[in-house]
Amino acid sequence: MTVTFVASSQLPTQWGTFTMHGFLEEATGKEHVVLTMGNVSDGQPVLGRLHSECLTGDALFSLRCDCGFQLEAALKAIADEGRGALLYLRQEGRGIGLMNKIRAYHLQDGGADTVEANELLGFGADQRDYGICKPMLDHLGITSLKLLTNNPRKVKAIQGFGVEVAQRLPLQFGKNPHNAKYLATKAGKLGHMLGQLHQAETEPGDV
Ligand SMILES: Nc1nc2c(ncn2[C@@H]2O[C@H](COP(=O)(O)OP(=O)(O)OP(=O)(O)O)[C@@H](O)[C@H]2O)c(=O)[nH]1
Ligand SMILES: [Zn+2]
């Protein structure tokens, strides 16, 4: 998987100033971004988030999912720690793209759940391939992560390409009446770990 570093710049945000690193995935032309703060190449576990693009949640304030809330919480957590990395992966709609996600939402408006809708459209429930992260992490010198996620597939994928997951930290934010069914389906069919734990209650080593 060829993912090439293009350029870095500063990115000031409401939580602090990150360094923004741009990467190009050669095979698809997709442009991925990593935001880092502090020294992430010292070999110590880095507070990290693999965030899959969700235009509706991240940029358009949708309440159908929890993505925008998770994005904000992750950036704030990294800024609070003064060190970390957020990989913003262009994997819209769990890999099916924005137009197909809108088609899937239309089916969900008619009663399908998020997995059934993907399958009715002829897609797998989750088409993401996290292999693109490896060259980006290598470029940044990140060898171990304290991963902000509820998704066990991300933990397995990272371990599968040889990066340590020193800790898994739950990231549960933004639950509301519009996304309650979606979150229940993620827990029931996709294995997301969405218990009642809050981030502050996480035990070290809870991978
Ligand atoms: N196909 C499809 N994609 C969706 C839907 N809702 C959100 N997404 C996409 O799902 C991705 C986010 O996945 P999630 O399952 O919410 O979270 P995750 O990244 O797997 O896990 P966490 O790390 O715990 O957040 C983004 O790419 C969203 O665009 C939906 O109903 N259908
Ligand atoms: Zn979303």
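Just so you know, glycine gets a Cβ as well, placed from its N, Cα and C.
What you see is a predicted model, and the numbers here were worked out from it, not measured in a lab.
TrEMBL lists 7-170 with the feature domain 'GTP cyclohydrolase II'. Taken from TrEMBL, the feature GTP binding site applies to ARG49, LEU50, HIS51, SER52, GLU53, GLN70, GLU92, GLY93, ARG94, THR114, THR149, LYS154. Sequence annotations record features per position, and here TrEMBL assigns Zn(2+) binding site to CYS54, CYS65, CYS67. Here TrEMBL flags ASP126 as active site, proton acceptor. The active site, nucleophile annotation in TrEMBL covers ARG128.
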Checking the recorded positions GLU53, ARG94, ARG128, THR149 against ligand 2, those whose Cβ falls under 6 Å of one of its atoms come out as none
So of all those binding-site residues, CYS54, CYS65, CYS67, which one's Cα sits nearest to GLU92 (GTP binding site)?
CYS54
Where the distance is taken from Cα to Cα, which of the recorded positions CYS65, CYS67, ARG128 turns out closest to HIS51 (GTP binding site)?
CYS67
For ligand 1, the recorded positions of ARG49, HIS51, ASP126, ARG128 whose CB is under 6 Å from one of its atoms are none
How big is the gap, in Å, between the Cα of ARG49 (GTP binding site) and that of CYS67 (Zn(2+) binding site), rounded to a whole number?
12
One finds that other Cβ atoms within 10 Å of the Cβ of HIS51 (GTP binding site) number exactly 22
Rounded mean pLDDT for the residues that make up the domain 'GTP cyclohydrolase II' (7-170)
97
Run through CYS65, CYS67, ARG94 for me and report the binding-site residues whose CA is within 10 Å of the CA of the residue listed as 'active site, proton acceptor', in sequence order.
ARG94
For ARG128 (active site, nucleophile), the one of CYS54, CYS65, CYS67, ARG94, THR149 that lies nearest, given that the binding-site residues are compared by Cα:
ARG94
Rounded to an integer, what is the Cα-Cα distance in Å between THR149 (GTP binding site) and CYS67 (Zn(2+) binding site)?
11
Identify, among the binding-site residues ARG49, ARG94, the residue whose Cβ has the fewest other Cβ atoms within 10 Å in this structure.
ARG94
According to DSSP, folded down to helix, strand and coil, what is GLU92 (GTP binding site)?
helix
Does DSSP put CYS67 (Zn(2+) binding site) in a helix, in a strand, or in coil?
helix
How many whole Å apart are the CA atoms of CYS67 (Zn(2+) binding site) and ARG94 (GTP binding site)?
12
